[in-house]
Structures are given as C-alpha cells and as structure tokens.
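Positions annotated as active site by TrEMBL: K168. What TrEMBL records for 3-159 is domain '6-phosphogluconate dehydrogenase NADP-binding'. What TrEMBL records for 162-281 is domain '3-hydroxyisobutyrate dehydrogenase-like NAD-binding'.
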Amino acid sequence: MTTIAFIGLGIMGLPMAKNLVDAGFTVRGFNRTAAKAEELAAAGGQAASTIAEAVDGADVIATMVPDSPDVEAVLDGILAAAKPGATWIDFSTIRPDVAKDLAAQAKEAGLKPLDAPVSGGEPGAIDGVLSIMVGGDEADFAAASEVFEAVGKTIVHVGPSGAGQTVKAANQLIVAGNIGLLAEAVVFLEAYGVDTASALEVLGGGLAGSKVLEQKGQKMLDREFAPGFRLALHHKDMGIVTAAAREAGVTIPLGAAVAQLVAATVAQGNGGLDHSGLLTVVEQLSGTSASAEDEDADAQEGAA
Ligand code: NAP
C-alpha cells in the first residue's frame with residue numbers, strides 16, 4: 001500500500017494527509033475547494049483536480065467529509081475510478097446504517113471498505129495520535145495497519161461494517177455530555193467569583209478530570225471558540241446517536257437533553273463555533289451571558 005488518495009482536506013483531513021506524507025506514502029489529495037489541496041502539495045503530497053485523478057491507481061482511498069450525503073456523493077466518483085481490490089477507508093463520522101449500506105456497495109464493486117471514524121480533535125489529527133474505531137473485515141483492517149498507524153495511536157477493530165460508526169456515536173454522546181457539564185460548572189464557578197483557572201486545575205487532577213476538561217476548559221474561560229470541531233457537526237452527531245438509540249429501543253435521556261442544547265446553539269446561528277461554544281447557550285439559561293447582561297442593563301435603564 002504505497003499510494004493513497006485522500007478526499008476531503010478540511011480541519012481533520014489535511015493534517016491526516018500530511019502525516020501520511022510524512023510516513024512515506026505517496027498521497028494524492030482532492031478537495032472541493034482546490035486551495036486546500038495545494039496546501040497538501042506544499043507539504044510534499046500531490047494535488048488532484050478531480051476525484052478520478054486522485055483515485056486512479058491508488059491502493060488506498062481515504063475519505064474525510066462532513067456527513068452521510070457527502071460520503072454518498074464522493075463514493076459515486078470513487079467507484080467510477082478506483083482500481084479493483086483497493087481499500088476504501090472512510091474516516092468521516094456518518095450514520096452507522098448508511099456506513100453499512102455503502103460498504104456493501106463498495107464490496108460489490110470490488111473494494112475493501114472500512115468505516116474508521118476518529119476521535120481526538122484537530123490536535124489529535126495534527127499530532128497523529130487519533131483514536132480510530134474501525135468496522136469491516138478483520139483481514140482488510142490488518143492489511144491497512146500502516147495507514148492507521150500514521151494517523152492514530154489507539155486503533156481498534158470493533159466489528160463488522162458500521163460498527164466503527166456505532167462506537168463513534170457513543171463517543172459523541174460522551175463528549176457532548178462532558179462539554180455540557182463542563183460549561184455548567186464554569187457558569188457555576190463564575191457565579192461564586194472563585195478563581196476559575198485554579199478551580200479547573202484542581203478538578204483536572206481528580207475524578208472530574210477528562211480530556212474534555214484538558215482541551216476545552218481554558219478555551220471556555222477565555223471564550224475562545226474558534227473551531228476545532230464545529231457545533232454544526234456535533235449537532236449532526238447528536239442526531240445520529242439519538243436516532244440510532246431509538247432504532248435500538250434504548251433511551252439516552254441525558255444525551256437527549258444535551259442534544260437539545262446543541263440544537264439551540266446551532267439554531268441561534270452559532271453552528272460555526274467550536275463545540276466548547278455550547279457554553280454560550282448554558283450562560284443564556286442562567287442569564288449570565290454578555291448579551292443577557294446588556295439586555296438586563298437596558299431594561300434597568302428603561303425603568304429608571
Ligand atoms: P471540515 O473542516 O468542514 O472539512 C470537511 C471537508 O469535506 C472540506 O474539505 C470540504 O470541502 C469537504 N466536503 C464537504 N462536503 C463535501 C462534498 N459534498 N463533496 C466533497 N467534499 C466535501 O470538517 P472536519 O472538522 O474536518 O470534519 C470532517 C469529518 O470528521 C466529519 O464527519 C466530522 O464529524 C469528523 N470529525 C471531526 C473532528 C474535529 O475535531 N473537527 C473530530 C473527529 C471527527 P470544502 O473545503 O470545499 O468545504
């Protein structure tokens with residue numbers, strides 16, 4: 001496996017493709033907006049101007065696009081141009097049932113499909129230390145190990161096609177819940193005027209500690225919400241997990257509540273913020289956001 005086509009060079013895809021270049025693979029990148037493929041070329045990869053050009057003769061085809069319809073759209077182009085026997089690794093986070101259907105289509109066309117969603121965020125992608133949960137045939141997974149090792153650190157085969165996406169849905173449930181409670185803790189601590197940086201430091205050393213607290217705590221304190229992982233994508237993922245839970249006949253009451261908070265943040269036009277920006281809606285509920293305070297001041301001025 002020496003030549004890799006990489007389709008979707010966004011926040012996650014570009015650094016992953018660069019790590020594959022650094023690991024010695026020939027990487028041909030395609031991105032809808034061409035400038036990002038040029039960035040890959042500047043880092044030692046190649047820029048393809050069409051999916052067909054990227055995929056032609058490639059041993060491995062990697063995709064990293066936002067949602068199920070996007071993967072469906074790029075797969076059409078891949079199937080038209082891929083060489084028989086190539087491995088298709090979909091790193092995107094999509095619906096488990098769609099992943100299963102697309103894997104069947106890809107197999108029918110002679111490809112070896114693996115659904116391999118990732119966790120670890122942009123820093124994990126840049127550092128090549130992502131957690132990767134893989135669904136598909138065990139032999140295809142084993143044959144692609146060098147590709148996974150170039151972009152990830154914790155790499156686990158979790159079952160047949162679609163299983164990787166099921167595990168990722170659980171991942172997104174846990175992360176959203178963590179972010180929601182961290183945001184509530186920040187609002188709570190600020191209400192008491194304690195030194196929040198010290199508070200988060202000590203919380204981080206105990207059972208309340210988490211990767212979410214490590215990566216998102218200071219950003220919440222600084223109100224620094226440049227993505228990272230866009231709330232619009234987490235909204236998509238909460239839709240995936242709530243639908244899949246319903247389908248399985250299990251309930252996720254805390255997850256459903258967080259899903260509504262994420263939906264509210266997106267509905268207010270903040271889908272482009274990092275998911276730590278969930279804090280904005282949690283603040284509004286307590287009337288502690290800057291805008292809520294302004295309205296309060298205006299109301300008091302009006303009354304006076
Ligand atoms: P992103 O920055 O928005 O990048 C998405 C990429 O897909 C862009 O290059 C975009 O091209 C391309 N694209 C979008 N729709 C397309 C279509 N219909 N056809 C072809 N290309 C298309 O998103 P991201 O943050 O990298 O996320 C990608 C996937 O990884 C998502 O499924 C997300 O849930 C998952 N994920 C993200 C993170 C994270 O922290 N960001 C972590 C784990 C998993 P343009 O440049 O033209 O827009």
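Note that Cβ sites are derived from N, Cα and C of the backbone, with glycine treated the same way.
Computed from a predicted structure; not experimentally measured.
The Cβ of the residue listed as 'active site' lies under 8 Å from the Cβ of T93, P117, V118, S119, M133, D237, each of which sits 6+ residues away along the same chain.
According to DSSP, the domain '3-hydroxyisobutyrate dehydrogenase-like NAD-binding' (162-281) comprises 93 helix, 2 strand, 25 coil.
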